[in-house]
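Undergrad: Mind looking over this structure? Questions follow.
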Amino acid sequence: MGQQFVWRLQSRFSSIRRASVILQHLRMSKHTETAEVLLERRGCAGVITLNRPKLLNALSLNMIRQIYPQLKKWERDPDTFLIIIKGAGGKAFCAGGDIKALSEAKKAGQTLSQDLFREEYILNNAIASCQKPYVALIDGITMGGGVGLSVHGQFRVATERSLFAMPETGIGLFPDVGGGYFLPRLQGKLGYFLALTGFRLKGRDVHRAGIATHFVDSEKLHVLEEELLALKSPSAEDVAGVLESYHAKSKMGQDKSIIFEEHMDKINSCFSANTVEQILENLRQDGSPFAMEQIKVINKMSPTSLKITLRQLMEGSTKTLQEVLTMEYRLTQACMEGHDFHEGVRAVLIDKDQTPKWKPADLKDVTDEDLNSYFKSLGSRDLKF
């Protein structure tokens, strides 16, 4: 009788333990499904997975607040030798920030636009100064905030599915997240062209442009990641060696590049002017179908954003990244107070009529005085690192 009682008791405890394990697993699964960002220690690396695939892994303030402290922790950890960042879902690395939420918060008098840009730029700077090898797998759409999470890192791996763009002038903003630093440092006037037109680079062109350091076929990304994770106490040179070997074996996207083979001379000559008006005049004088297409595109953009962007890149070409991010923070706060950003969000993301009514509507009406007001110091509210 006593023995049977013990067995029953053991059986009950076993059932409770089993139920507890199942419940814990379900909780973890639910957390994994709903967590916006996954932060995992795997092999020799810290792995960051942007986990909002239905929203193309759009970057939120909540995600930034999880990534930044973990990045700093892994940077200090002697057992973490590299950091990998990637996007879930196969369509996007990160398509940018939640621009609509920014506009709505500003109209409601909330501080999201101050907090998000400040903390995002501090994270961008931390990525640039990270003492551990940082590998961004930019497979799929990479725009805006996604560019900030990748382009400042030591290694950026593009695939045939990569799509890079900085389309902010079309919504009354400017190419931020350090765009004023990295864009003017691309070959020739390529960065100025990308910034003013929002032109989309695809596949191998993302590597040709210098946005990516390596190109790997997307079907090989998983094995590349596993090989990186399996490295024993790797140095930056060891990581580079693995990336180089996969880059050398890549077969996808070998077609010649129209943008680099046919249009770079035009881009360099037309976009070398010091004013947006003169860039447009250069394009008119060129008169080629490519040039005329760029005129059409530029004429749809916010005139204020175009002038801000050109000055941002010209000034950024001689500044440090921290100086650029400080400048860009000032610009974001001024744009939040202005008309064009909220009008751009309305036309592109809310009503989706694609016909924003810019104010001013003409380049000639955006004065130097207007422009200076965007670049002025915020005093005690300036960005601090």
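Using N, Cα and C of the backbone, Cβ positions are placed for all residues, glycine too.
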Undergrad: Out of D139, D176, which does Swiss-Prot tie to the same substrate site as E120, G145, E168?
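TA: For the substrate site that includes E120, G145, E168, Swiss-Prot also lists D176.
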Undergrad: DSSP three-state call for S233 (phosphoserine): helix, strand or coil?
TA: coil
Undergrad: Compared by Cα position, which of the modified residues K54, K91, K300, K352, K376 is the closest one to K249 (N6-succinyllysine)?
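TA: Of the modified residues K54, K91, K300, K352, K376, K91 has its Cα closest to that of K249 (N6-succinyllysine).
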Undergrad: To the nearest whole angstrom, state the Cα distance for the pair D176 (substrate binding site) and K296 (N6-acetyllysine).
TA: 23
Undergrad: Would you mind checking how many other C-beta atoms are within 10 angstroms of the C-beta on K54 (N6-acetyllysine)?
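TA: The Cβ of K54 (N6-acetyllysine) has 9 Cβ neighbours within 10 Å.
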Undergrad: Tell me the Cβ neighbour count for K249 (N6-succinyllysine), meaning other Cβ atoms within 10 Å of its Cβ, over all protein chains shown.
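TA: For K249 (N6-succinyllysine), the count of other Cβ atoms within 10 Å is 10.
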Undergrad: At its widest, how many Å does the recorded substrate site span between Cα atoms of E120, G145, E168, D176?
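TA: Roughly 16 Å, rounded to the nearest whole number.
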